[in-house]
There are 4 protein chains.
Amino acid sequence: MSDSIKRVVLAYSGGLDTSVILKWLQVTYGCEVVTFTADLGQGEELGPAREKAVLMGVKPEHIYIDDVREEFVRDFVFPMMRANARYEGDYLLGTSIARPLISKRLVEIAKETGADAVAHGATGKGNDQVRFELSAYALNPDIKVIAPWRDWDLTSRTALIAWAEQHQIPVPKDKRGESPFSTDANLLHTSSEGKVLEDPWEETPDYVYSRTVNPEDAPDTPEYITIDFERGDGVALNGQAMSPATLLAALNDLGRKHGIGRLDLVENRFVGMKSRGMYETPGGEIYARAHRGIESITLDRGAAHLKDELMPKYAELIYNGFWFAPEREMLQAAIDHSQEKVSGTVRLKLYKGNASVVGRKSPHSLYSERHVTFEDDAGAYDQKDAAGFIKLNALRLKLLAKRDR
Amino acid sequence: MSDSIKRVVLAYSGGLDTSVILKWLQVTYGCEVVTFTADLGQGEELGPAREKAVLMGVKPEHIYIDDVREEFVRDFVFPMMRANARYEGDYLLGTSIARPLISKRLVEIAKETGADAVAHGATGKGNDQVRFELSAYALNPDIKVIAPWRDWDLTSRTALIAWAEQHQIPVPKDKRGESPFSTDANLLHTSSEGKVLEDPWEETPDYVYSRTVNPEDAPDTPEYITIDFERGDGVALNGQAMSPATLLAALNDLGRKHGIGRLDLVENRFVGMKSRGMYETPGGEIYARAHRGIESITLDRGAAHLKDELMPKYAELIYNGFWFAPEREMLQAAIDHSQEKVSGTVRLKLYKGNASVVGRKSPHSLYSERHVTFEDDAGAYDQKDAAGFIKLNALRLKLLAKRDR
Amino acid sequence: MSDSIKRVVLAYSGGLDTSVILKWLQVTYGCEVVTFTADLGQGEELGPAREKAVLMGVKPEHIYIDDVREEFVRDFVFPMMRANARYEGDYLLGTSIARPLISKRLVEIAKETGADAVAHGATGKGNDQVRFELSAYALNPDIKVIAPWRDWDLTSRTALIAWAEQHQIPVPKDKRGESPFSTDANLLHTSSEGKVLEDPWEETPDYVYSRTVNPEDAPDTPEYITIDFERGDGVALNGQAMSPATLLAALNDLGRKHGIGRLDLVENRFVGMKSRGMYETPGGEIYARAHRGIESITLDRGAAHLKDELMPKYAELIYNGFWFAPEREMLQAAIDHSQEKVSGTVRLKLYKGNASVVGRKSPHSLYSERHVTFEDDAGAYDQKDAAGFIKLNALRLKLLAKRDR
Amino acid sequence: MSDSIKRVVLAYSGGLDTSVILKWLQVTYGCEVVTFTADLGQGEELGPAREKAVLMGVKPEHIYIDDVREEFVRDFVFPMMRANARYEGDYLLGTSIARPLISKRLVEIAKETGADAVAHGATGKGNDQVRFELSAYALNPDIKVIAPWRDWDLTSRTALIAWAEQHQIPVPKDKRGESPFSTDANLLHTSSEGKVLEDPWEETPDYVYSRTVNPEDAPDTPEYITIDFERGDGVALNGQAMSPATLLAALNDLGRKHGIGRLDLVENRFVGMKSRGMYETPGGEIYARAHRGIESITLDRGAAHLKDELMPKYAELIYNGFWFAPEREMLQAAIDHSQEKVSGTVRLKLYKGNASVVGRKSPHSLYSERHVTFEDDAGAYDQKDAAGFIKLNALRLKLLAKRDR
């Protein structure tokens, strides 16, 4: 804490923890705090955040509350979805992809307000601290980053609450005890981890889920929908044009209703340990499947397989916090290059946890019934060609076999 | 057809098509035919294959009917599952993985019977011809391969049936018309393609499915199961030890009942065109998810991520027919090396098309509650370490940012 | 040869072989032949090609002789060099990279002249047929491609010469016997293969080399040069601005003089066999080393390592003839994205076969003496950070070790 | 320094710096020091190390001086060479590969002597600290690691020497001033960095080189040698069988004489900054080229290309210190699997900095003159097969072109 800090921009949710941080920054550094509260579609009222900030002495012009939902989906979620990114085979990176956007705004606001530091409420054990800080440093190499959870001595819930009360921060009743799990939410997903989820052999209790109905309680009748894509991005639901955030929100409603997008995962954190998380990505899961569906008829094999080979690295980069790294941008350039003709319509069946692609069509389809048919193909394909194709593919294997017998 | 053939081993199902091929080989080459009929768990009676072969003059000692189910699962399916292989993100390679085994037996039988050629009933448009032939050449570089569908002029169903009748081959009534789709089946999966599936916008009609109930008709109550793994391979279901094929068969029953493992896919064939297939892999889908589940707590991050990066290439090799190629074996060596401690138990919930991992435990677990807990961790992890970790990971990004601003 | 051909554009060198092909096309197809002779910097007079074409009845307006040297270097060689592409670790792809350009012009000329086919003089055993034809089909899917070496029955040199004489094609004295090796040349390289090179244990005889002096005969005094780069491409030699082709030509002179760029290689052809080739890439070798040199101070580690990982696939695509495939273009997009700041100056020492980078500087250098110094760095780097960095990188290994002991 | 240390094993060279560390450990921790001095072929007398240790009070039974040259080459250098590993395209990893072996012995000796810690003399800015420590933790997760350069306050040369004199450590005259560069040496290479090398635009002064003559001073006559390989490892020089370390030492002599293996490189450190190093790897450079040479005729294309794709990651793992990580071992398993038939003889020409493969032969050669010949091949290869091969490889490109025109 030797650094002298004049003014710090805090990623502020309005909740107890970041309120304590706000005060702690004022007390510890004797500095001015600027608050930034992002509406990422987490579904919480943001008004109270403003009130609390005012109460704690933040100047009105230093209270930033921004609706960044469209930017979030358009510039972060959709580019990532173009890559079909899933970390460790399954996780749709809902938390990971929001962090760079928050850092970007923190750094921008720091510039606007002449602040010399930014601060976040992520702990020292998780990935989010890495994501916040790598993004901040990549965007402003001179910025200072304060991570109170790594620095203070409020190492237990009791200590935190005592400190809050001592500093006149109101502590809601339901925050007095230990929360049974902690969550992060935005328009793409809600994640939960900790406490009741810490034994990976125990099934996630149903009360942990907040964004989806239990598939067993979902409608008994399937629902069919269509999603239209243009150049790799979703543009319409059931034929109705929608902005990125509106589309994702509408898919979230559908996914919630049909119990789609629940994921119970043990994953490998960048900081070195395994953790068990529960994710709900209702609209994202539907969208991800639809995107693969439209690619399946519009993307050439070479492009599709290259994308599949690059995906694990791309997903790992986002998970680890390297959104603003040159290698992520290089991969994005390759991926985006492939999406020019990824346009058309995908039809999906939603039913009790399943989101299945059942149809796809496109003006740019590469699927050729004429070539694939078992019927007479009017000369589109000469089966004799296959003999030579196989012979030359086999040649090296034959030479090997001759040698090794 | 200039090659002179003395004796040929035919992959013989006993069905109409391969019966026509049997006769056609006799007529065209004036050669002896040896038949090989594999019980891969496709669920068909194999007795009739013997009778028909006898009727067409195959010597009794030249009729091979082998139960290869255990070998299939143990030496082909399970090694592939260790890799979490899915072609183009989804396809569990049920047909691809059976072909090398059939070729292996064809080549072995050719050696035993002094045959100079092998023959198969795959068409000139598909991947199977490639898989059969690459495997055969890799195992015996001098073997001749006959692919009648590429060579004869029976290019329509009508021509084929006429030829059959002309040569006294009985044509069952239901084979007279065109089949609305064609199928391949084994213990791992059933695939269907062609005709009614040729328009990728049209939903697969329900009558195409044969291995699974429609999720809508599956039980309304979830079923929980456990699968035990030893060194990367499944060894028990619900605590009851089972051989590989027995385990997969039991999982197939469960998957069938709960409507699990249906996949409607447009895929890219090795021969260059796209095709639309419908796959049912009931037990395989459950097994694949369980395997990832046990890996999630027993595999180190470095190993897990390397596997994810190698997987697309590995799956492509199997899909393209390169099972017996050195690069597949190299990848297998890497994958198998990772599986030594992949032992433990996975608990899954099966419900209307979903097979969800809900618990995993292992004597070799790398998951450490002590490290991950939000509670006091008794010094297992020093949050201060994260600051240095982030600083050095950020260093190159800061240097970049300094340069580029 | 059932296809009826009206007019065909032939890649015509003016040499004996393509002259025979010209005549053979006229005789076999009764079609008009359009000739295309490219000046790729192969260092041959192109006038005689015109005369011979006229003599064989090609219409003057159907004789295309184009200087494509600048296009070749700017649009093919330089983009490839941005990737640091070397096939199988060594080969700088001098032949591979010229073929797509030739095919592109063949297809363009076919359009201009209303031709329905293109023809080339590559044999059925090599890679060039694949490169020519994949490129042609990718640019015009309806074009017909004629590859006489695969179709005719002139399977021996004697037969070819007899046919030539029978059709009044002059046969130069030195072409009567078998050539001891065959060559391909352009501004980037000369390759030689065949006959005297066919035993890979025998050293390449000195008379095979044509583009470089033997290092033993090169000057005894080193020569120092500088190359300037802008955005990944060479722009100046020793401070003097040059066009791409001019720069490569000047580097060729330097490389020739100092015996640089000889390579004796056994490589794996796409068609399945191994071949032994001898390559001389004098200027290309110098340029390739210089490019890596300038990247070493201007490219971030993440970008550099991603490039290294992608390179083998990129090189393989070019070697195999997939220049115009979407996956090559995707990789190019990623590579080009990385080159924006790859500007600066590299200093090299040329001496008897060696081209060694001895200095590099750039206005965009990421090299920071301040960070790397053993001296006091004024706080640029806190060595304590390394402790946390190592601790967290070690965490998974420690957890593994605890489990496995 | 809060940890209480009982006994520590120090990687001790006998030089001034590690002598200061030895004393500093005794003074700071009041602990017993065990010294480990490895003969890695660095070419220094090890006797003095023993004497100095004795003088500083180390018990005779706690002074370990081991000749690990054979283990180093057999178990570390050769396995790495099987992968053709070069970091960032060029660096043969001479320092990186020695660190895991030293750590392995440190941990073994800690066990033998009941020590609870190990210590090394690497600074906090370099890669070596990471390599030492990751290896140590991977082999004993409970070991403590002391890195005095990160902990003490001897931040200048003057301070170090003052401290040495104050503690009766003899300071040789030539160590009083600043060394113009620092070096690391073992049987594989010598590296130099720092001071006079810190400006990457300045050519490395000749006096920095110690392991090779300047190519300009090397013999004017080339020397031809042969190296025999068995299963991927070198076993003989010029027909004379040699142990791994003996072979590498003999190649070092040859490389030194002919000025081979000098490398001037700006590289990216794992800790985030770029550094400029000068490497001399005389025997290693010859060996690496020879290994690629023998692979070129004995390795299948699929295996060779997979190796090339895996190599950058493998090299990065070694560079970053992850020798004992599971993913390095997985890659090694794949690589080793490929080497079974990599046996035979390579002939090289050594001349003024060049080590060129000029011949290779093997009882397991896959090179088939019969297939590759321009002459009549007696039916080994049917050129007509190439037509079908190209057609099917082109099919997807044609479908793309039809769509996109």
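Glycine is no exception: its Cβ is also placed from the backbone N, Cα and C atoms.
TrEMBL: automatically predicted annotations, no manual curation.
Per TrEMBL, domain 'Arginosuccinate synthase-like N-terminal' is recorded for B:7-170. What TrEMBL lists as ATP binding site is B:Ala11, B:Tyr12, B:Ser13, B:Gly14, B:Gly15, B:Leu16, B:Asp17, B:Thr18, B:Ser19, B:Ala38, B:Gly121. Marked as L-citrulline binding site by TrEMBL: B:Tyr91, B:Ser96, B:Asn127, B:Arg131, B:Ser182, B:Ser191, B:Glu267, B:Tyr279. Here TrEMBL flags B:Thr123, B:Asn127, B:Asp128 as L-aspartate binding site. Per TrEMBL, the feature domain 'Arginosuccinate synthase C-terminal' maps to B:181-399.
Features as recorded by TrEMBL, highlighted on the structure.
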residue: B:Ser13; record: ATP binding site; contacts (Cβ under 8 Å, 6+ apart): B:Thr37, B:Glu44, B:Ala49, B:Gly121
residue: B:Ser19; record: ATP binding site; contacts (Cβ under 8 Å, 6+ apart): B:Tyr12, B:Lys52, B:Met56, B:Ala164, B:Ile169
residue: B:Ser96; record: L-citrulline binding site; contacts (Cβ under 8 Å, 6+ apart): B:Tyr87, B:Asn127, B:Arg131, B:Ile318, B:Tyr319, B:Gly321
residue: B:Thr123; record: L-aspartate binding site; contacts (Cβ under 8 Å, 6+ apart): B:Gln129, B:Trp149, B:Arg150
residue: B:Asp128; record: L-aspartate binding site; contacts (Cβ under 8 Å, 6+ apart): B:Thr95, B:Arg99, B:His120, B:Ala122, B:Asp184
residue: B:Ser191; record: L-citrulline binding site; contacts (Cβ under 8 Å, 6+ apart): B:Gly94, B:Thr95, B:Thr183, B:Asp184, B:Ala185, B:Gly277, B:Met278, B:Tyr279, B:Glu280
residue: B:Glu267; record: L-citrulline binding site; contacts (Cβ under 8 Å, 6+ apart): B:Tyr87, B:Glu88, B:Tyr91, B:Lys274, B:Ser275, B:Arg276, B:Gly277
If you measure Cβ to Cβ, which of the binding-site residues B:Ser13, B:Gly15, B:Ser19, B:Tyr91, B:Ser96, B:Asp128 are under 8 Å from chain A?
none
Within 10 Å of each Cβ, count the other Cβ atoms and name the one among the binding-site residues B:Asn127, B:Ser182 with the highest count.
B:Asn127
CA pair B:Ala11 (ATP binding site) / B:Ser182 (L-citrulline binding site), Å rounded to integer, equals 17
How many other Cβ atoms are found within 10 Å of the Cβ atom of B:Asp17 (ATP binding site), counting all protein chains shown?
17
Rounded to a whole angstrom, what is the C-alpha distance between B:Gly15 (ATP binding site) and B:Ser182 (L-citrulline binding site)?
12
Can you work out the mean pLDDT of the predicted model over the domain 'Arginosuccinate synthase C-terminal' (B:181-399)?
95
Among the binding-site residues B:Tyr91, B:Tyr279, which residue has the largest number of other Cβ atoms within 10 Å of its own Cβ?
B:Tyr279
For B:Arg131 (L-citrulline binding site), what is the tally of other C-beta atoms lying within 10 angstroms of its C-beta?
28
With every protein chain in view, what's the tally of Cβ atoms within 10 Å of the Cβ of B:Ala11 (ATP binding site), excluding that atom itself?
23
Just how many other Cβ atoms lie inside 10 Å of the Cβ on B:Gly121 (ATP binding site)?
21
Give me the CA-CA distance between B:Ser182 (L-citrulline binding site) and B:Asp17 (ATP binding site), in Å, as a whole number.
12
Can you give the largest Cα to Cα distance in Å, as a whole number, for the residues B:Ala11, B:Tyr12, B:Ser13, B:Gly14, B:Gly15, B:Leu16, B:Asp17, B:Thr18, B:Ser19, B:Ala38, B:Gly121 that bind ATP in the record?
16
Taking only the residues the record lists as binding L-citrulline, namely B:Tyr91, B:Ser96, B:Asn127, B:Arg131, B:Ser182, B:Ser191, B:Glu267, B:Tyr279, what is the largest Cα to Cα distance between any two of them, in Å to the nearest whole number?
18
Across every protein chain in view, the count of C-beta atoms other than its own within 10 A of the C-beta of B:Gly15 (ATP binding site) is 16
